[in-house]
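Novice: Quick one: the structure is below, questions incoming.
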Amino acid sequence: MHEMTRSLLRVFEEDTAAVSSYCTQLYQAMQRIYDAQNELSAATHLTSRLLKEYDKQRFPLGGDDEVMSSTLQQFAKVIDELSSCHAVLSTQLADAMMFPITQFKERDLKEILTLKEVFQISSHDHDVAINRYSRLSKKRDNDKVRAEAVEDVYTSRKKQHQTMMHYFCSLNTLQYKKKMALLEPLLGYMQAQISFFKLGSENLTQQWEDFLATIGTSFQNVRQEMEEEVRQMQETIQDMERSCDLLYAPYEPDPNHSPVCRNLTQKQGYLYIRNKTGLVSSTWERQYFFTQGGNLMQQGRGEVAGSLVTDLDNSSVMAVDCDDRRFCFQVTSFDGKKMVTLQSESRKDCEEWIATINNISRRIYLSENAEELAARVNQSALEAVTPSPSFQQRHESLRPGSKGRVARAGSISSVGSEPSPALSVLSLDALVAPGTPIQFDIISPVSEENSGQNKTIAPSGRRSNPFGESRDDAEDNEDSILHQLFIVRFLGCMEVKTIESADVISETMRQILAARAIHNIFRMTESHLLVTCDCLKLIDPQTQVTRLRFPLSTVHQSSSHQDNKRLFGFVLQSGAAQGDNRAVCYIFESNNEGEKICDSIGLAKQIAFHSEMGRQEVEKKKEQEKAKEKQQEELSKQRQIEKDLEEQSRLIAASSRSSNQPGPDGQFLVLSSSQSEDSDTGEEGKKKGESEA
């Protein structure tokens, strides 16, 4: 739908809202007359006041109707004179006054709202169908999918057109119904008042009966005009539906039925424009474009005027091949500094836009016979529809010989800022070796390459399952006091020769960005970077599978780009115990959080260092406690040995005294061989205990 039509539609919708608000107030006033008999005088005065304020209402349409204003002023005067009456017949008021205004409020206004909702739904369905059709892939061309998309666009566009016409018809009819909705209830109210009070004054009765008769005649005339207008609009709608049936399809299948017009010097319509959202990422947005003189303008929904896109004088335009879009063309300014990529709805529309821009670029629109002059440049416009073969060959010749996704850093020219003063002493070859391969994709954990990487980076006792998750991934960070998650996009990684220099990360950024620009690599893998006190993890945002895991002990340094704070990187080096001392630098792009991520990594290393120191202190205390326990055990064993020696000494002494005393018959006792052996054993145990002590 044209933007001028949308602007006019907003005016009609504002008028409908104003009419609805005003009729609601009038309905409430009349409802008070019907319900509150004791407050009839106050309700009548309120109605009179509202009628007098009709001139102050700001209706976008019909606000300067003097006849309507004077008529309502006369009604206000009569109602004000009858405000002293305090009783009304409820049945007469319900039939003559409340019914018409209620019908207008409950039926007509609600019908407008319903048609508005249906129109909005059909417009949304049309936008969805157009977006689906525009996203049809050129590489994976499927007849069934394309046919479904075309049928969807045809159905949604036809539905939108039909609902739009019925909605416009109802908005136009509302202008007549508004007058009837205001006049008919007032007419019934006056008739009810006259018949109820039976004013005996024939002068008053005759005077107002003539006035009411005139109003009734005007009311009938307005009704007839409305019916005639509705009939004409219905016929117009039917004729347009029959004639516009072929225009609902997004493209014309038969070029002979609708040939391409190459003599245009001005054109307008909806196009998709590509906008860059990141370093190498972009999005497509649908806008209304039109040419104005030698300028290409665009106008978004809700905007009052258009804005300049680019100057078309002496510009160049050509069809381009996009990976995910069809019917694309690119407009380049005369100085080559600005390029705009646009997508049209069909090939015919694309060729017409190219021809029109070519005509404007040659300033044909300034001549008197613009169409005749434009016919002479049709051949050049046809050549601009497809890229020139010489340009394509030249473009292919500029591509590097390597067709894979691994580039050589040694063949990359200097891109970006100048090297820092530190690099003047330490050459670039000392940071990154020439010919070092660059990895642009994150290798999946299920691949063999990742299994080798896990052997290098992960601890030797850890194994990963086929889905890339270790058995105790959840247990690694349960006791970690730092959990920070960032959205990052992987740009690339490469091996570096040193980890001591502070410029190794900036040099790696420069080489990876230059390699991406040379090899036309624009896709990036988006991941979630989880920073904990134990490790850094790259997690798949869709499946929550851990893609890569970097122990924090292997992270030696991290820093962000000096100018572009969205870029950051860190350097990893495996321990010497694993037999692999290679250092690898990883480069990422964030959502303007490069410094914050580097600060988070530094904080995690500090926390891990303090945790390690605390753990060592705890282990030292445990060893001291074990030494004390061992010393206490040795002391207790020594005391037990001393007690045993004392007991043996006491037994030996007792046995020796008993052997020296005479028997009862005056003879000495003679010890047996076993007793002598026991005494010898006691002496040996005593000597042994003394030696142990």
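Placed from the backbone N, Cα and C atoms, the Cβ positions cover glycine too.
Residues or ranges marked as compositional bias 'Polar residues' in TrEMBL: 447-457. As annotated by TrEMBL, compositional bias 'Basic and acidic residues' applies to 615-649, 683-693. What TrEMBL records for 486-609 is domain 'PID'. TrEMBL lists 384-421, 443-475, 615-693 with the feature region 'Disordered'.
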Novice: Which numbers of helix, strand and coil residues does DSSP report for the domain 'PID' (486-609)?
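Specialist: When I sort the residues of the domain 'PID' (486-609) into the three classes, I find 38 helix, 50 strand, 36 coil.
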Novice: Using DSSP, what's the helix, strand and coil tally for the compositional bias 'Basic and acidic residues' (615-649)?
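Specialist: Here the numbers are 35 helix, 0 strand, 0 coil.
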Novice: Mean pLDDT over the domain 'PID' (486-609): what is the value?
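Specialist: Averaged over the domain 'PID' (486-609), the predicted model reaches a pLDDT of 83.
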